[in-house]
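Read through the structure below, which is laid out as structure tokens, and then see the notes.
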Amino acid sequence: MVFLPLKWSLATMSFLLSSLLALLTVSTPSWCQSTEASPKRSDGTPFPWNKIRLPEYVIPVHYDLLIHANLTTLTFWGTTKVEITASQPTSTIILHSHHLQISRATLRKGAGERLSEEPLQVLEHPRQEQIALLAPEPLLVGLPYTVVIHYAGNLSETFHGFYKSTYRTKEGELRILASTQFEPTAARMAFPCFDEPAFKASFSIKIRREPRHLAISNMPLVKSVTVAEGLIEDHFDVTVKMSTYLVAFIISDFESVSKITKSGVKVSVYAVPDKINQADYALDAAVTLLEFYEDYFSIPYPLPKQDLAAIPDFQSGAMENWGLTTYRESALLFDAEKSSASSKLGITMTVAHELAHQWFGNLVTMEWWNDLWLNEGFAKFMEFVSVSVTHPELKVGDYFFGKCFDAMEVDALNSSHPVSTPVENPAQIREMFDDVSYDKGACILNMLREYLSADAFKSGIVQYLQKHSYKNTKNEDLWDSMASICPTDGVKGMDGFCSRSQHSSSSSHWHQEGVDVKTMMNTWTLQKGFPLITITVRGRNVHMKQEHYMKGSDGAPDTGYLWHVPLTFITSKSDMVHRFLLKTKTDVLILPEEVEWIKFNVGMNGYYIVHYEDDGWDSLTGLLKGTHTAVSSNDRASLINNAFQLVSIGKLSIEKALDLSLYLKHETEIMPVFQGLNELIPMYKLMEKRDMNEVETQFKAFLIRLLRDLIDKQTWTDEGSVSERMLRSQLLLLACVHNYQPCVQRAEGYFRKWKESNGNLSLPVDVTLAVFAVGAQSTEGWDFLYSKYQFSLSSTEKSQIEFALCRTQNKEKLQWLLDESFKGDKIKTQEFPQILTLIGRNPVGYPLAWQFLRKNWNKLVQKFELGSSSIAHMVMGTTNQFSTRTRLEEVKGFFSSLKENGSQLRCVQQTIETIEENIGWMDKNFDKIRVWLQSEKLERM
């Protein structure tokens, strides 16, 4: 599943632009072990099970599902037939059911003339989302039984389970469809089932529908028959063995376009009829990517078809249901005339992510949600591996390390968690869908590939997939597969891989020791956080020290953590990558000669940050100001990031970090510029929350002066590579938002002409965001933009307008946006988390956003689910730029009052830590920034 993280942009679905858009706009509930008595029937029969996890002695083998949804009454009924076996005698069958009305349950045994069917007594435990079926006599070990359950339910008004979605045609007609979103624990909302990933089974699915509708599911349609009342019953082929959360079905009036891969797999994209002309790009990308994965994994895609469906109402970014992946429209549909370059990048990466899941996650699935990263970390990592080959023009490899910085931002907090961490209840499970599971997971895999070599790493994961196909795995299963490729005894592994002699190194450490992958990677998956590596150069001796990097403390936290850190470095004397495996707290390596500078973590391929003691930072700052291209753009971006992260823990002064940033005046590459903005913009956002207007204004002016030359070079066109176009879009937006008059005047001219054409003038896509942001500042412009928003068929255009509308300084209009997006009539509720956060970043809007969150909390967690990434996004988006003690006390007071309805959410702990960090940071650095802004070096800019 692609979740939409805190730093998101629905306008682009791009991991790159997300953080900048947000910046420019201006543990868990305690119900996993219930203390209340188990529920009882009216006759006093108690519920026979008191754990969240299901017992393991009843095993599902095959499901036969019949579901009929009425899109007029918004209800559905169904029959679930589950073939089961028992591994021990039992008269109790425990499975999941949530918000379903069970009308009858029976147990079938035997076959032919000896077939018998007995009624089962049904007990419900709503709090645990379980039902118990009590048989009149114990089930016998090894014999086949079939449980038959008749039930009914209402189509969900949320974004999970079997839920209602709507859209309007060009003519304004409202149409209704029904779709599913089961991951992680919502299959139980559509049919009673053993809703845990380890209970894999096959599925036969039948859907009843009206003739005017179309039904699709995981497998191809086998036949359709007419049944009572003129309804059509679609029978779909039997699935492969899979987890319940991967089941999917959609009843709609969608249309589709299709192509066939080289291996004969039919790939189709489904969308509402008015938008099917936007499906071609995703279709071509899906075909290419599916073919790539079949070749890379050396395992054929096991299903005969792969559908991709754009759902009008969708909470996350996308979902990997086997054979029927589902997406937000903005994550799948590409309008050649109006979609941005970053939208193309985002769509490509999202499709790559979901198709990677067809192997990582679907074919091989984590045993339990504590190892979710085995699914999501791999899928995130494979996005970059695949797209770098299938779409080289996108140059996605340059952007990978940005995901590591995103992960580090939350992993630096005490409230972070290990990549693999225990979870039990649904809210805890939902909280696992975060930057640590996705981005840190991907980053440590990339680090491992860099350490082992690409070929050895590939061989290891192919063996992992082949060995565990249609099964479930734990952390150690992956390391065991890697270990078989790379033995720990120092002997060359399979096919000669893992021989360290293939790497040049100034150190014997890398050569002589065996590659103990499991021991090494356990330090990265079983410990939270990441190391700070401190480098001290004494002549030819390089002293290295590792400690746990954690914000909120000027000293290293006393966690006792040690990592096996595969260090890489280059020097002023050699651009060859040198390698050193640091397994102890301190170590020393000896260079062949003295050097002027040394740069560790080459290309940001390692998940750690580096501090250079003594004059180390001065040397690197001088290098950047003199010949910044002496190191790669990724290395330049990582230096910017590391410098400002060190300010947070008191290892480097804010003046030195700001001095380093001055080199950006000569920078032209996207990643260093974006990283510079990611570090500098939050500084004045913190000032906004303290009403420090004078210094805030000076800082914004400094930022524009710093990048003015690059801004002035931007053309108001759609020319150039994807990275050049994304850089243009963000620089022009930055300039216009900060009232840089050459930009504002040009944007005003474009907006005036666009408005005079009634929105028919074709604007350059790359400048549209800046044009709309300027146009929305007037009441007339805002109203015109909203009128166009209502009827636009382009996801990119709608999101660009949405962004602009949230930029207004009119509080009444901001409040209206909050109210209407929450209602969902005029603006879809799926947009609400983004709108709330955009308004939370608006200097005049953030009090409105914070008040709205508090006032509507109970409704929000009902709609978006406690523990979901959407709830985390809203909590962090409305509060994590607060920088005063008054706001901190407000935040603490509100969330503590929620008790089990949110007080222990990880995002709440994160935002409290972040606000405390903001307060401390401002107290220590604000006066220094004020003085620095008046320094002579700035006068010479």
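Note that Cβ sites are derived from N, Cα and C of the backbone, with glycine treated the same way.
Swiss-Prot lists His353, His357 as binding Zn(2+), and of Glu337, Glu367, Glu376 the one it places in that same site is Glu376. From the candidate list Glu173, Glu183, Glu196, Glu450, the residue Swiss-Prot records in the substrate site shared with Gly317, Ala318, Met319, Glu320, Asn321 is Glu183. Looking up the ranges 2-21, 722-741 in Swiss-Prot, the one annotated as transmembrane segment turns out to be 2-21. In sequence order, Met1, Val2, Glu320, Glu354, Ala356, Phe360, Gly361, Asn375, Phe378, Ala379, Lys380, Met382, Glu383, Tyr438 are the same-chain residues whose CB sits within 8 A of the CB centroid of His353, His357, Glu376, the residues recorded for Zn(2+) being left out.
In sequence order, Met1, Val2, Gln181, Ser316, Thr325, Thr326, Tyr327, Glu354, His357 are the same-chain residues whose CB sits within 8 A of the CB centroid of Glu183, Gly317, Ala318, Met319, Glu320, Asn321, the residues recorded for substrate being left out. Applying an 8 A CB threshold to same-chain residues 6+ apart, the list for Glu320 (substrate binding site) reads Met1, Glu183, Leu246, His353, Glu354, His357, Gln358, Gly361, Asn362, Ala379. Secondary structure from DSSP puts Ala318 (substrate binding site) in a beta strand. Within 10 Å of the Cβ of His357 (Zn(2+) binding site) there are 26 other Cβ atoms, across all protein chains.
In this structure the alpha carbons, written CA, of Met319 (substrate binding site) and Glu376 (Zn(2+) binding site) are 11 Å apart. Using CA atoms as reference points, the recorded positions Gly317, Ala318, Asn321, Tyr438 were checked against Glu376 (Zn(2+) binding site), and the closest is Tyr438. Across the structure, Tyr438 (site 'Transition state stabilizer') and Gly317 (substrate binding site) place their CA atoms 13 angstrom apart.
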